[in-house]
Amino acid sequence: MNLVVLLILTLLLFIVSYVVDAGQVILVDSNITRSFVDMEADFSPSVTTVETGVVYVAEPLNACRNLRNKPEQSPYGTSPLVLIIRGGCSFEYKVRNAQRSGFKAAIVYDNVDRNFLSAMGGDSDGIKIQAVFVMKRAGEMLKKYAGSEEMEVMLVPPNTEDSVWSLYASIALILSLAIFCVMVTCVFFYRYCSTIRNSTSQFNGMCRRTVKAMPSVTFTCAKIDNTTGFSCAICLEDYIVGDKLRVLPCSHKFHVACVDSWLISWRTFCPVCKRDARTTADEPLATESTPFLSSSIATSSLVCIDSPPLGSSVSFSPAHVSSSFIHQFVRSSPMNGSRISENLRRQASPLQSSSQRSHLSMKSSHSLGYSTMSPLNAMGMSPYRPYPSNASPGLFSSTNHLLSNYTANTFSHFASAHSLPD
């Protein structure tokens, strides 16, 4: 890409030099007028005014030797011009031969048909006549009308005003191209930096320091070392006595270089069992029954105790109630653990003293024929869990006070101190 830009800039500079130095050779006759673009020689005086004269063909045509023809003095006071073809010798030598022969200006035309003009270079020491270069078709046209005094040739200097505007336009074009190249370069650089940044952000390996901190052993025998096998599962090379093996938390072993490269540059799990190498060795493996969330992030909803079917007679001690129901609620709501423990201690003695009264109350409730289902069941919601028959009213009143945010609408007027649901 840089080479293409350099070539374009060179071409533009060449066009600028062509536009600035380009003049005109005009062929004027009573019937025709032809204009041709020319380029002044670097070593000859510049054409500052319009030069008018009759053109003559050089003999020899390439003017590499002294010219045999001499210019004739025109009665109209015009200057004699000589027409020379390119090739055979240098431009400077041609112009010097034309100057020695007495011509006032030399017109050199190309010997090959091209679409551009070539600059004529040489030593300007002693050169006093003007010299211009034209294309091949212009030289052939001038050669056709050479020697005719009725056909005049005019050398017109470059238009200074047009040249300045052309120079400004060329400079603007070059600046626009340069800005475009800079923008393209910035875009490519931005994409390159984005690619590097994305590849860095998508790094999936482990820290080198963490990998190096993993334990390693020296291989002695596969059976003694309890290794994965007799060969490394990464490079498939057999273990040799004395090889350093890296031990992952899953107890699989690999060559140190192999598994270090795997963990640092590629993935963070064991290549064999896919266990995460960032875990500790005593951490239990994840199974299909492993919950997605740990117990510390468990839901804060009330955990109910499974009870036997309705109608069965089961006795629960206060200690059993406190160690099951309250313990499960504390696990589901860690924020209220200390508060529940304090209230539980306060209710320890009332529970023991009111055990018998609770038993009698349960019997009386059966004799009165109250329904064994709570109003919550009657509303079509979650099933009501029956409470133990020997539990005291104090336990339920305390629990109802502690769990007011969860069970405010659970108990009805049946859950009183003297009538509890079965």
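Count begins at 1; order follows the chain as displayed.
Even glycines carry a Cβ here, placed using N, Cα and C.
Swiss-Prot annotations:
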type     : residues    : note
COMPBIAS : 349-368     : compositional bias 'Polar residues'
DISULFID : Cys64-Cys89 : disulfide bond
DOMAIN   : 81-146      : domain 'PA'
CARBOHYD : Asn31       : N-linked glycosylation site
REGION   : 344-368     : region 'Disordered'
SIGNAL   : 1-22        : signal peptide
TOPO_DOM : 23-168      : topological domain 'Lumenal'
TOPO_DOM : 190-422     : topological domain 'Cytoplasmic'
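On the 0 to 100 pLDDT scale, the model's mean across the topological domain 'Cytoplasmic' (190-422) is 58. Each residue contributes its Cα atom, and for Cys64 (disulfide bond) and Asn31 (N-linked glycosylation site) those atoms are 35 Å apart. Shown in sequence order, Asn62, Ala63, Cys64 are the residues of the chain, 6+ apart in sequence, with a C-beta less than 8 angstroms from the C-beta of Cys89 (disulfide bond). Under DSSP, Cys89 (disulfide bond) is assigned to coil, being neither helix nor strand in the three-state scheme. Helix first, then strand, then coil: DSSP counts for the topological domain 'Lumenal' (23-168) stand at 28 helix, 43 strand, 75 coil.
Put plainly, the recorded positions Asn31, Cys64 were compared by Cβ crowding within 10 Å, and the winner is Cys64.
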